[in-house]
Amino acid sequence: MAECGASGSGSSGDSLDKSITLPPDEIFRNLENAKRFAIDIGGSLTKLAYYSTVQHKVAKVRSFDHSGKDTERDHEPPYEISVQEEITARLHFIKFENTYIEACLDFIKDHLVNTETKVIQATGGGAYKFKDLIEEKLRLKVDKEDVMTCLIKGCNFVLKNIPHEAFVYQKDSDPEFRFQTNHPHIFPYLLVNIGSGVSIVKVETGDRFEWVGGSSIGGGTFWGLGALLTKTKKFDELLHLASRGQHSNVDTLVRDVYGGAHQTLGLSGNLIASSFGKSATADQEFSKEDMAKSLLHMISNDIGQLACLHARPHSLDRVYFGGFFIRGHPVTMRTITYSINFFSKGEVQALFLRHEGYLGAIGAFLKGAEQDNPNQYSWGENYAGSSGLMSTSPELGPAQRARSGTFDLLEMDRLERPLVNLPLLLDPPSYVPDTVDLTDDALARKYWLTCFEEALDGVVKRAVASQPDSVDAAERAEKFRQKYWNKLQTLRQQPFAYGTLTVRSLLDTREHCLNEFNFPDPYSKVKQRENGVALRCFPGVVRSLDALGWEERQLALVKGLLAGNVFDWGAKAVSDVLESDPCFGFEEAKRKLQERPWLVDSYSEWLQRLKGPPHKCALIFADNSGIDIILGVFPFVRELLLRGTEVILACNSGPALNDVTHSESLIVAERIAGMDPVVHSALREERLLLVQTGSSSPCLDLSRLDKGLAALVRERGADLVVIEGMGRAVHTNYHAALRCESLKLAVIKNAWLAERLGGRLFSVIFKYEVPAE
């Protein structure tokens, strides 16, 4: 913890707190490397954005020179590993109460050393009020930006870059949040910003929008009238009162006016006929809770009706709501959603945003950074440094509520290359990567959260073992353990905190936390050793395959693919075997496989297809290093090449578990080419192309792939997609519909999942699909 700001006397009301203790490692991370700033100051909350460079360790591989050596008998590693420092770009967003603003500015001033700019972009109603204070403290010139332009730029940015950013609120569901998949075409839409008043904007493109309406009755009205009615001055306390109120004690309902005759009008008797109608005639005192609830309903219903009236003439069916009025409060989202559904008769969808509070700050930052072209990159949410969507529902326990109104964080990492859809997706807007939504499935959620928690000891042990020469590896590993454990506890209480909860998001969060504490590739030495062993076995495996008849060889190739997929250090059932039995190899893995018929078995259809004309080009998403890629995937690739099929072999851009990376695949392919003329000529003639996916995940999102890979798929006319492994073909993409033939194959290495699918440990999925005509 560090002192933030000079000590001073206590403050209250609108005065600024100058004596606040902040944890800078958690709040203002990488501030010393901040290059550019933006700030959005509202009536009660400040949102700060800054761009910084982050230095972290990465594991690099480089091929040895094996010229003139006998590679079959050469027991040296196939490549060397070095850990290097790499600098990447990161966006930081921090949200805090205006009470903290002077203390935070003092802290920033004391720690700001490398900024490249003399200007800070500012937006929001408080930009004018605090202009002099900001310029005095930071010695940066304040450039004020248009509020609406910033909001729209920010909204477009999060919808494009953050999967599961938008959600609908359904009060009777468990959980109430239903997240939307990223739509490749987000325009047009209606943005309703509820600040002090209401602004309604039609957004047509990234640069074109039109203000179409608004109202003076908005969040400020709720706050102001609420303060008069309840004597409660704080906005969140008003919402807390409303959540405990019963509006029908104050409002006149339809049944109060029409009695039983309301049914002939086609109206529900519970509809509000007159807000605060009973207060004019009832001779009684109304509770603060009931009045706050009635006021919230009145304003939310008005906003919902206005949104519908403006959406319909423009034929818009999606309305995004933002502004300080919402703040993720369930009672607010519930009333707005009900209003939209009622007045639109279900034709218009009310959508809320996980990061709606940051839109203005994000937009202001983008305005100031236009010369750096931030929109030409793709960005990804860093789960390790983000606090997530923390509901302020009064039903939550005090541990969860305590975070409301303090500091919330969002971090986004700039990715090396733009990410786009796989061109072969049948219907990109309806594509959902994940097979099971753990926010929906309570039993699966409980199992997987416990599974990842119980695996922590092994992950920590592996991380420490990967850096034997580091004096602080154990200390950093314990910090990783604590951070990831805390994330898991948050997700137990609030599974919606980072969007849709899935096995993929749990795996990705773990990878982010490992990277946070400089464990870039804990399995690098394991992969190096296993690649070396598998390369020495490759010639013998190929000779035995070539000796088989054609039909027998096809089955052997598929079994080789499946046996290779057994070697997954992310599966406890496998890692236990590999650690206890160092001699466990390719043949032993084959004997572990389920006998045919498999759990999902389309092999006969695949064999029949192979008797037809060859495919033009196959896109193969590989899984693990070592035996999997070398003895399973490459013989399969070789057979396709012999049939006259071009092959695009796609591997992870960065490390995750023991998955093969693009840089490792290049070295492996080079070594195999030295042993096999088929692979050698295919590489030379560019009939075999090795590309990176743009991902560093054990799973696969076909809507976020490297732009170069997508271009190559179009250029080569790929007509077969092969997806291998549990993470890529079962946890994700099992139901993915493609416009071409596909193979999804995996060995189920988790007993609980196998039983749930109707099988047993090491059951086989071999799913061959042909698109409908």
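Yeah, the Cβs are placed from backbone N, Cα and C, and that goes for glycine too.
For the ranges 174-178, 414-418, 549-553, 724-728, the feature annotated in Swiss-Prot as motif 'Subfamily II EGMGR motif' maps to 724-728.
Residues D623, N624 are recorded by Swiss-Prot as Mn(2+) binders, and the candidate that the same record lists for that site, out of D601, D659, is D659. When Cα-Cα distances from S199 (acetyl-CoA binding site) are compared across the recorded positions Y320, D623, N624, D659, the shortest belongs to Y320. With a cut-off of 8 Å between CB atoms and residues at least 6 apart in sequence, the same chain places D623, N624, S625, C651, N652, P698, G727 near D659 (Mn(2+) binding site), listed in sequence order. Local packing around the binding-site residues S196, S199, N624 was summarised as the count of other Cβ atoms within 10 Å of each Cβ; on this measure the leading residue is N624.
For Y320 (3'-nitrotyrosine), the same-chain residues lying six or more positions away in sequence with a CB closer than 8 A to its CB are C155, L159, A166, Y189, L190, L191, V192, L351, F352, L353.
Cβ atoms within 8 Å of the centroid of the Cβ atoms of D623, N624, D659 (the Mn(2+) site) belong to the same-chain residues N565, D568, A622, S625, D628, I629, L657, N658, V660, P698, E724, G725, G727, site residues excluded. DSSP gives S196 (acetyl-CoA binding site) a coil state; it is part of no helix or strand.
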